[in-house]
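*Asks:* Sharing the record's features from TrEMBL:
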- Cys2: active site, nucleophile (ACT_SITE)
- Lys611: active site, for Fru-6P isomerization activity (ACT_SITE)
- 2-220: domain 'Glutamine amidotransferase type-2' (DOMAIN)
- 289-428: domain 'SIS' (DOMAIN)
- 461-606: domain 'SIS' (DOMAIN)
Amino acid sequence: MCGIVGYVGGRSALDVVLAGLKRLEYRGYDSAGVAVLADGSLAAAKKAGKLVNLEKELSVRPLPAGGTGIGHTRWATHGGPTDVNAHPHLDGAGRVGVVHNGIIENFAALRAELADRGHDLRSETDTEVVAYLLAEEFSSCADLAEAMRLVSLRLEGAFTLVAVVADDPDVVVGARRNSPLVVGVGEDESFLASDVAAFIAHTRSAVELGQDQVVELRRDAIRITGFDGRPADDARAYHVGWDASAAEKGGYDYFMLKEIAEQPRAVADTLLGRIDAAGSLSLDEVRITASELREMDKVVIVACGTAFHAGLIAKYAIEHWTRIPCEVELASEFRYRDPILDPRTLVVAISQSGETMDTLMALRHAREQGAKVLAICNTNGSTIPRESDAVLYTHAGPEVAVASTKAFLTQLVACYLVALYLGQVRGTKWGDEIQAVVRDLSHIAGAVEEVLGTMEPVRDLARTLADKDTVLFLGRHVGYPVALEGALKLKELAYMHAEGFAAGELKHGPIALIEEDLPVVVVVPSPRGRSVLHDKVVSNIQEIRARGARTIVIAEEGDEAVVPYADHLVRIPVTPTLLQPLVATVPLQVFACELATARGNEVDQPRNLAKSVTVE
Ligand code: F6R
């Protein structure tokens, strides 16, 4: 939520910052702004709406050229998406400029304090107070990093701050608590950003900041200290494993289309190197001993949105393969119900970004109660894996479209691997059984490719439904979370009323919603796996069709039983029952993407949303 960029070096800071903001626009697009240090003063421009509005403004009123600058793309929290509330915020004298991601919870008290000292703040944001406080501190210590440290100590909440001051034009300073901030180390130039994507075109050398740290960035030097003023010794330097082309559309109209198409590779990459010659599975980082894992008597999965749906599917695999009870909980609800946790609880936190505040707070709560946390994450070095006891990275590559697609499929693969790993350590699965499932998983990339090759009728169908108000989704067993995911994709992209139901639950109420020509998507389990399951879902299709529904049936190749009841039939390859979500989800992604396009919606940047949700 909110994207931040800072630059100091020999290039045009404005060009670097604008290009970085373009890459970070997925984090928020309510407004954008930049500030550049030139000729001993600070020049800023900001505009409500997408980055393109700021670019237009800059073409009419250009900023002077300079080698130090900051920029921001906003997802509004305090104050509406207006020009005045857009970042950067400047102090009264216009000497200090600051951009911010997060929420400063005690801003009202700080603002009142500033008002008492005669300052007249212009915006409704929580951020503006920081510009004034920094200016006050800087006027007494003449050191922006020190001023930032002192101000950070006064702030409550989550914040990433990046600031510049006109009096020290070769320095950019950042501070981090609970929101992401990464340093990019170039040749005689340095970068700061919420995500490496912002500077990947210039350098792949990155340093991640720890919690409660301040960084002072010069062209040729980076100094990191804790909020306590001590030099930081835990900053981790790393090489980014992908390049700028991975963060570009590569000929597709939307990032979402590219990311849907990348799923076969993402799935294959997530599996890569997981199993050794002796047939043993491995995770990426494990600071939980085998004996601790054997002692676990409960697994609790915490996640949000699409990642939560991956967790719901994981429950089936974990319980079936390990016989450990598994609960799945929305991370935003988790800590408020005072869950029962102890060192024998394994908490699995699933997050694409690794920065989702609800999930982060849930895992912190779990660790405070003595539970061990295993993270499934797509973002190397992000906060959630850093604070976990074990990590399995999904190798989906950067996911830019706000609606999650390839991250979801790779989260599923990772969940299956975690379930198998637990089965291996606890001895509930034999080596050959594990290898058989891994073999099945290794066929999934090809199966997804096959599904992608047959999506034209799904696109045609989606276009014909563009004027519908409601679409329902039904599934049973692992098909139920797939139905939830299909409905979520449609809501967030097409802005339609879409709901997912457990097919068996329909008769307990929701069937009253069925009316003539209402589109209902049904995910049908394999007839070969659990025939009881399959037959029940076929009966459910008949029940809704008898009441007028237009049935859109997703069923395995060769499943002839569904044919008489399917108004539209979408075939998916034969897959083991537990793994079916990996192929059944793909048509639902394509369906939502096409329907959104047909309704004229912004596919990559749906309204009101942001990719990385760093507020609770
Ligand atoms: C939906 C979507 C969101 C995210 C959720 C969690 O398409 O992308 O529901 O899945 O905000 O995000 P992460 O996985 O980054 O924790």
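Using N, Cα and C of the backbone, Cβ positions are placed for all residues, glycine too.
Because the structure is a prediction, the values reported are computed rather than measured.
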*Asks:* Averaged over the domain 'Glutamine amidotransferase type-2' (2-220), what pLDDT does the predicted model reach?
*Replies:* 95
*Asks:* About how far apart, in whole Å, are the alpha carbons (Cα) of the residue listed as 'active site, nucleophile' and Lys611 (active site, for Fru-6P isomerization activity)?
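*Replies:* Distance (Cα to Cα, whole Å): 9 Å.
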*Asks:* Would you count the other CB atoms within 10 A of the CB of Cys2 (active site, nucleophile), including those on all shown protein chains?
*Replies:* 27
*Asks:* So if I measure Cβ to Cβ from the residue listed as 'active site, for Fru-6P isomerization activity' and keep only same-chain residues at least 6 apart in sequence, which ones fall under 8 Å?
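*Replies:* Looking at Cβ-Cβ distances below 8 Å from the residue listed as 'active site, for Fru-6P isomerization activity', excluding near sequence neighbours, one finds Tyr26, Arg27, Ser353, Glu399, Val400, Val402.
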*Asks:* How many helix, strand and coil residues does the domain 'SIS' (461-606) contain under DSSP?
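*Replies:* Computed counts for the domain 'SIS' (461-606) are 73 helix, 29 strand, 44 coil.
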*Asks:* Could you tell me which three-state DSSP class Cys2 (active site, nucleophile) falls into?
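*Replies:* DSSP assigns Cys2 (active site, nucleophile) to coil.
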*Asks:* Of the residues in the domain 'SIS' (289-428), how many are helix, strand and coil by DSSP?
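*Replies:* Summed over the domain 'SIS' (289-428), the classes give 68 helix, 28 strand, 44 coil.
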